[in-house]
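Taken from TrEMBL, the feature signal peptide applies to 1-20. Residues or ranges marked as domain 'Partial AB-hydrolase lipase' by TrEMBL: 47-105. Marked as active site, nucleophile by TrEMBL: SER181. Positions annotated as active site, charge relay system by TrEMBL: ASP351, HIS384.
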Amino acid sequence: MANTITSVILVLLFCGSAVGSRTKLISVKGQDGMSALAPVPNDGICASMVETKGYVCEEHKVTTQDGYILSMQRIPAGRSGKTAGKRPPVLLQHGLLMDGITWLLLPPDQSLAFLLADNGFDVWLANTRGSKYSRGHTSLSPNEQAYWDWSWDELVAYDLPATFQYVHDKAGQKLHYVGHSLGTLIALAAFSKHQLLNVLRSTALLCPIAYMGQIASPLAKNAADNFLAEALYWLGIDEFSPRGAAVIKLLKDICNKPGVDCTNLLTSFTGQNCCLKSSIVDVFLDHEPQSTSTKNMIHLAQMIREGSIAMYDYNDEVENIKHYGQPTPPVYNMTSIPNDLPFFLSYGGADALADVKDVKLLLDNLKDHDGDKLVIQYRDDYAHADYVMGQNAKQVVYDPLMAFFRLQ
């Protein structure tokens, strides 16, 4: 059965992109007054995932400098509804092939977003461009190639600054940041260029990714080594959409069979998670995975093959010079991250995506960091999904994380 699930995952990844369904589009006004192409969602994250649990929730839109209209959700108070004083804002940034629902998959007394709200924080959820609720643009449609012409470089240059500034302006104070997986990579890249620091109070990085050259995930490694993302790009598939309806139904049917532990579905990607309930995979499949750009997948594959953290490589000196003014892509220098930036870093011994050896490379780069500004937590039994779906994540990770935020 494990082999069957692994085979289906491969179908999900590399065929789902070609058959993913398109969302109906309408024209609306963007923040700059221009006509925007935005999806008509059947529901919003507030209505479907937050208000149903008894929390107040606000839907927000922010437009990036390059025209992408991003959805954000705000949980301004805990379930009690009381807002005692001015709450410190926390921005939660999800990882690859996910969206803001990442932080809402567990029950309210275990999900980080709800726990933060119940513990006095002003909680904001980000949704990266291309995901279900962030498919708007001031001039482009997701059906156009140009809409998908970005990698995580653009998340560093445009998405993060837009969401950081928006939260800062609305809350009127500096913010805490929590990133998971890709959400840590884009933050580290931004901090290495001394971006966002003027509005940042502290940061918590779960499954920190900077280097990927020693990635242990067999699926990710094989996909990179065999240039599978590049093959999709050459076939004209610009949207990497692993959410084909037929594939999701098939996975759900497999998961509902007696005796099948569907947490194995994630193991091929994430490593052996210690602490997931099998039932959470069904919740996961109701909402995830989400689309990203094929170009973004190529960029990550380049990192796996090269073992470095650099901007997107066009594999053409002329193109690189055109974009960067030099024949090779510029490197994000992790040693440039300010030594006094308050960091909470948590990583797991069983994580196949943020591999321990790669995390140690990052920590080597941070060896001169101020001792009282860097908290490192290591969980030998934790893998990639435990950090957002583990039934004991509250006690193991989230409680220490909130204690760290309160000290900053």
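Cβ atoms are placed via backbone N, Cα and C, with glycine included.
Small disclaimer: the values here were computed from a predicted structure and weren't measured.
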What counts of helix, strand and coil residues does DSSP assign across the domain 'Partial AB-hydrolase lipase' (47-105)?
12 helix, 19 strand, 28 coil
Across the domain 'Partial AB-hydrolase lipase' (47-105), what is the average pLDDT of the model, as a whole number?
92
Looking at Cβ-Cβ distances, which residues of the chain lie under 8 angstroms from ASP351 (active site, charge relay system) while being 6 or more apart from it?
CYS207, ALA216, THR270, GLY271, TYR382, ALA383, HIS384
